[in-house]
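Worksheet: the structure to be examined is printed underneath.
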Amino acid sequence: MASGQGPGPPRQECGEPALPSASEEQVAQDTEEVFRSYVFYRHQQEQEAEGVAAPADPEMVTLPLQPSSTMGQVGRQLAIIGDDINRRYDSEFQTMLQHLQPTAENAYEYFTKIATSLFESGINWGRVVALLGFGYRLALHVYQHGLTGFLGQVTRFVVDFMLHHCIARWIAQRGGWVAALNLGNGPILNVLVVLGVVLLGQFVVRRFFKS
């Protein structure tokens, strides 16, 4: 992925330079595979848990994956963490989407506004996981409301947002996406979950539903 300015919002100044071991651009490139893997395993988890109550999205079911790749494993690990986030806060994701009623025309605007609010007070792994979770929910919501083939666009939303809002740089400074493989242990995970989704029922709803 080119490092120059492309479509989307101007890139923010991100402070410290990225570590040479995992460049910002490499993280942005890896994000696509991480998100695809995350989506596949999250969708699989819901299918197994809910059965016919959770209609399958054919695009998610047939995603091309490399399960043994490092980025594939990262996506799976984040899906496990995301499953915990979803169990605790799914009703707030659903309420948000029902109120906003995203379409192909306005989905990028809504995604960007909500994602920007998520990281307004800083970046941490919990918020990164919540961002992937919201991208998944957005893609599934749009599919369930009659628009097929939208997952690729949501993937691009996630990649572009991470690159233009310093998140790819932040991940690179921590060694790249591979660092996420060490997140799933007890107290650390609980802290990340709380920090990652605390705004969903408060800040986002207040800003977008009451404006």
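Residue positions begin at 1 at the first shown residue.
In case you wondered, yes, glycine gets a Cβ from its N, Cα and C as well.
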Quick one: which of 25-40, 137-152, 169-184 does Swiss-Prot have down as motif 'BH2'? 169-184
Give the number of CB atoms, excluding that of His164 (Zn(2+) binding site) itself, located within 10 Å of its CB. 20
Counting across all protein chains, other CB atoms within 10 angstroms of the CB of Asp160 (Zn(2+) binding site) number 21
